[in-house]
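Enquirer: TrEMBL lists these features:
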DOMAIN    124-241  domain 'Calponin-homology (CH)'
DOMAIN    269-372  domain 'Calponin-homology (CH)'
DOMAIN    394-500  domain 'Calponin-homology (CH)'
DOMAIN    515-623  domain 'Calponin-homology (CH)'
Amino acid sequence: MAGYVGVFVSDPWLQNQFTQVELRSLKSHFMTMRRETSGGLKLADLQAKMSMIKHIRENLSEQERSSFLQDSYQNLGDEVDFELFLRVYLKLLALATERRGSGAKNASAFLKSPTSTLLHTISESEKASYVGHINNYLAEDKFLKKYLPLEPSTNDLFEIAKDGVLICKLINVAVPGTIDERAINTKRELNPWERNENHTLCLNSAKAVGCTVVNIGTQDFIEGRRHLVLGLISQIIKIQLLADLNLKKTPQLVELVDDIKDVEELMSLAPEKVLLRWMNFQMKKAGYTKTVTNFSSDVKDAEAYAHLLNVLAPEHSNPSTMKVKDPIEKAKLVLEHADRMGCKRYLTAKDIVEGCPNLNLAFVAHIFQHRNGLSTQTNQISFLETLPDDTQISREERSFRFWINSHGNSTYINNIFEDVRNGWVLLETLDKLSPGIVNWKITTKPPIKMPFRKVENCNQVVKIGRQLKFSLVNIAGNDIVQGNKKLILAYLWQLMRFNILQLLKNLRFHSHGKEIFDADILEWANSKVRNSGGQTRMASFKDKSLSDGKYFLELLSAVLPRSVDWSLVTKGESDEEKKMNATYIISIARKLGCSIFLLPEDIIEVNFTYSVMYFMKLCLLFHWNSFI
């Protein structure tokens, strides 16, 4: 089995109108229609075939659908591909919505979510906790403070999230500097286009900080789909609370390993795994013999919390906590202890006893941030200073990791060099980018105990790479199994590049699917800037003059003239001015629909890898914008 495979749509505007659940449902309808039509599905066929979709059938007659198609399209003999089908569907949906407003049939309560068949519920405890977090961290925001504090018992959170500003601001709290707030549309009344830009900016920025957003689009914000909006907020807050759980931010974490040789293993762990290891390390000091392996069933009796807090803040302990047998009472005493320490609760005693994993994780992560109880005088910390500073490799690992996670694979990657070593996630990604290219019959799904099975998976990864004409000199499957950093990064760079070039080549309005080279992208970018009256030119993707950002901004302005506010652009002379321009460039590109994973430093330093990616994505974006 290949695992879950999402429905891919090359047009980012269309991609943002649907969740993956909706796309899968619509793709199923589309494939059924095509199978039932000999000679290919034509626009004219849709007047009858769209009756397969219940709310279209109930609200629009076949005659109304026929009239709409005749008025909207000149040639009803045109063949319908999936993306054209989606465009017709959206227009019919808008027409059906008008009819509903004037008394059309509406037996379904789910028409706001056209293809949904399930009622999604949310945790009121989680909502209240996240509202409290937002009220606390965004209380002084100049734009939002007039709307805060939000009331946890209402749906105010989902209403205020509809314009996209709140989520953008929350991302910046979690990972400061991700979004240049000058790029956020913050007028009191936003038109639909401006609102859509904010949603696109926040979704692409959320991907860039490590959120998985394959099942949420801009329409979900507009319609206030609570489970999806709350799910995204939960991921953002989790990223914020776990931000310090790495050796770079908290070098004292080396105290958790007995042997300095284990430091590399610690560095490769997911943040929540590090948090669990820290928790067990501290509780062991108090004589707690059980090992906590999760933030749900293992903490339900509140016993682990009682020991943890006694170790971290013995001056605030209450002897009664250890004696109480009733879990609810013990949980209440634990939370009172946390209050005396000055920790935010994030959960109730009931949440502890019920084992709510998200809120328990948030609670423990906040305790770690507030008081981790680790020593600053260990020999291991001085050892860390002797480790090589692989800043560039670290940045590239981060970008590729977030890019792979953005595809919604079954395995979430926490460390590229560790998590791709069994080959499985690379095979999943390859199959997403080129469906059918993986021979799943000869693969082994994790967990994989036998080393040679990992080699077999990775051998197929390399074989497919060669099939796709990657340059893979002196690389074999075993290099991936061994975690060879440079070779893994080289493979991923070519995989990402292949993805973008395929999208460009497959656009039906491009030059008959011809292959595209870097020189084509360079010429396209220069001609766009020149034709729009720009004053700059790029000699190559390594041109050091790109570091001030002006060329990127002129190119963005050429793609969409109103996208750049030139009054906000600096001269790009000092390092600070260059960084301001670079941050603005990235946010504007994301706002226009580019899903990019570079940092301001990549622009300032003219990182060749990311320069090429950036220009290819802008090229792709231009073609989409000219077509919509």
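Here the Cβ of each residue, glycine as well, is placed from N, Cα and C on the backbone.
Curation plays no part in TrEMBL annotations; they are all automatic predictions.
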Enquirer: For a three-state summary based on DSSP, what are the helix, strand and coil counts in the domain 'Calponin-homology (CH)' (269-372)?
Expert: 70 helix, 0 strand, 34 coil
Enquirer: Across the domain 'Calponin-homology (CH)' (515-623), what are the DSSP residue counts per state (helix, strand, coil)?
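Expert: Within the domain 'Calponin-homology (CH)' (515-623) the tally stands at 74 helix, 0 strand, 35 coil.
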Enquirer: Per DSSP, what is the residue count of the domain 'Calponin-homology (CH)' (124-241) in each of helix, strand and coil?
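Expert: Tallied per class, the domain 'Calponin-homology (CH)' (124-241) gives 73 helix, 0 strand, 45 coil.
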